[in-house]
Amino acid sequence: MDSAAGGGGLTAIRLPYRHLRDAEMELVSLNGGTPRGGSPKDPDATHQQGPPAARTTTTRKLVLACMVAAGVQFGWALQLSLLTPYIQTLGIDHAMASFIWLCGPITGFVVQPCVGVWSDKCRSKYGRRRPFILAGCLMICFAVTLIGFSADLGYILGDTTEHCSTYKGSRFRAAIIFVLGFWMLDLANNTVQGPARALLADLSGPDQCNSANAIFCTWMAVGNVLGFSSGASGNWHKWFPFLMTRACCEACSNLKAAFLVAVVFLLFCMSVTLYFAEEIPLEPTDAQRLSDSAPLLNGSRDDNNASNEPRNGALPNGHTDGSNVPANSNAEDSNSNRENVEVFNDGPGAVLVNILTSMRHLPPGMYSVLLVMALTWLSWFPFFLFDTDWMGREVYHGDPNGNLSERKAYDNGVREGAFGLLLNSVVLGIGSFLVDPLCRLMGARLVWAISNFTVFICMLATAILSWISFDLYSSKLHHIIGANKTVKNSALIVFSLLGLPLSITYSVPFSVTAELTAGTGGGQGLATGVLNLAIVVPQIVVSLGAGPWDALFGGGNVPAFALASVFSLGAGVLAVLKLPKLPNSYRSAGFHGFG
């Protein structure tokens, strides 16, 4: 879900293939290549295999080159806010709705690093990153179109012929098409996200890292705001009435139109990026053992071996390339064997094996970071899955499969939830500027702990608001189905307040990891890859367990949110007691999120 949000995009949380600050996060090749940042030892080899001179991309081109981030994030915001409610209108029970999110963390963990390695070695005349960005964006367009028209396609394939305004049963053909499109969308998001970040790293000069990261995050924020605004609008069916069909009523046509707008916006952003991102094609002799984007290590043994190998020269942006230069004629003879080994090491299975086996080489203090990170995401992901559904059910007392008034109330609640996510994104953007000074003032450990305590309070507040809302509704103080104004406004405040701890979650853990591994000589990449494991495993657990857990207590979203508050409380306590104390000279490691 980048994914991510934010953020949000997982969108599984998408792990960047290369941090924009080399001093903080040194990413090493999957094959155990040399760390980036080494100086060339052979001037002749540098001249032969590296580009002739360093260059600096203008700020204008950097802004335009990473515009695709806004297009991807637009679709991710719609996915995050609308698709859990929509799948329930197709007849998938609330207890099973969370299962559709399984693909996001899996593809984020396996596909994204592999795509990063493959793009490193891509020899297309159009560059290393742009072919993957193009392919991923086209996949996104196809996937969201499939999702938007799933009800119509199901109708064509044999679902009920009864009008959607009166039919309350299941539409399994439409649901199958929806799930296929949803999983393809997760796969496509992860295909684009990494090469887009790597492209930005390729284009930015040594002194442009901070500004480049800020530009990328700004585009993500723009995409979030536009996407959640689109999801909050209930007028798409009025502006595009031809999208309403016998199988697709108001809520469906609103979603369909929003996704079609997302397609147009993404194609525009992608075209701008592809045009202004001037890549230098990779020569065949340069394609060996590049390490721009692989967040993995083979282990300390490979690091020791790699330290004795020569390194070649500068990349176009002034950074040094970590690919190895043959030191003698024997190296050339071994090229074919090495490439055969790399084909195996670049595979999805090898990615998982490398990360799992490399956990033995984690630096001291990382295990407590992983534990706190896992509990943090066990508390966050139920909210990401069911936030708008909670607003529609518990606050507005709607039902996606109820009578006409109940469905209308549910749709209104979902749109109000999307507006709450819009407010959340605004606060998240503001909070991202406050994280650095807060960490310098109080220390990263305490800031991370406070963010988890804030999530605990907010998740507990959702349970309390649900109880108050149900009590008011049951006491018949309302003669029509809908939300109490005070409860609704309080819910929007909770959505907004969660933006600040979310900005901390998207940045501080990665900076703590960078600080703990700063002197390990390449261990940063290993630790960051394992940190991603502490994100995706909780997402898989929640995807599998949240729906059945809610069903165990009679349905609704309160059980999952209440359990999330327990996890966040535990994460806060462990952060205070177990996290290593770090100096207050905090340095941001960049923005990480769903999108």
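Every residue, even glycine, has its Cβ placed from backbone N, Cα and C.
Some features that Swiss-Prot has for this protein:
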- 320-334: compositional bias 'Polar residues' (COMPBIAS)
- Asn403: N-linked glycosylation site (CARBOHYD)
- Asn484: N-linked glycosylation site (CARBOHYD)
- 29-55: region 'Disordered' (REGION)
- 291-340: region 'Disordered' (REGION)
- 1-61: topological domain 'Cytoplasmic' (TOPO_DOM)
- 83-97: topological domain 'Extracellular' (TOPO_DOM)
- 119-130: topological domain 'Cytoplasmic' (TOPO_DOM)
- 152-173: topological domain 'Extracellular' (TOPO_DOM)
- 195-213: topological domain 'Cytoplasmic' (TOPO_DOM)
- 235-256: topological domain 'Extracellular' (TOPO_DOM)
- 278-365: topological domain 'Cytoplasmic' (TOPO_DOM)
- 387-417: topological domain 'Extracellular' (TOPO_DOM)
- 439-447: topological domain 'Cytoplasmic' (TOPO_DOM)
- 469-491: topological domain 'Extracellular' (TOPO_DOM)
- 547-556: topological domain 'Extracellular' (TOPO_DOM)
- 578-595: topological domain 'Cytoplasmic' (TOPO_DOM)
- 62-82: transmembrane segment (TRANSMEM)
- 98-118: transmembrane segment (TRANSMEM)
- 131-151: transmembrane segment (TRANSMEM)
- 174-194: transmembrane segment (TRANSMEM)
- 214-234: transmembrane segment (TRANSMEM)
- 257-277: transmembrane segment (TRANSMEM)
- 366-386: transmembrane segment (TRANSMEM)
- 418-438: transmembrane segment (TRANSMEM)
- 448-468: transmembrane segment (TRANSMEM)
- 492-512: transmembrane segment (TRANSMEM)
- 526-546: transmembrane segment (TRANSMEM)
- 557-577: transmembrane segment (TRANSMEM)
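Most Cβ pairs under 8 Å with the transmembrane segment (526-546) belong to 98-118, among the candidate stretches 62-82, 98-118, 174-194, 257-277. Just going by CB pairs under 8 A, the stretch in 214-234, 448-468, 492-512 that sits most against the transmembrane segment (418-438) is 492-512. Relative to the transmembrane segment (257-277), the listed stretch 62-82 leads the set 62-82, 131-151, 214-234, 366-386 in CB pairs under 8 A. Between the transmembrane segment (62-82) and the transmembrane segment (492-512) there are fewer than 3 Cβ pairs closer than 8 Å, counting only pairs 6 or more residues apart in sequence, which means the two stretches are not in contact.
Note on Asn484 (N-linked glycosylation site): other Cβ atoms within 10 Å of its Cβ, all shown chains, come to 19.
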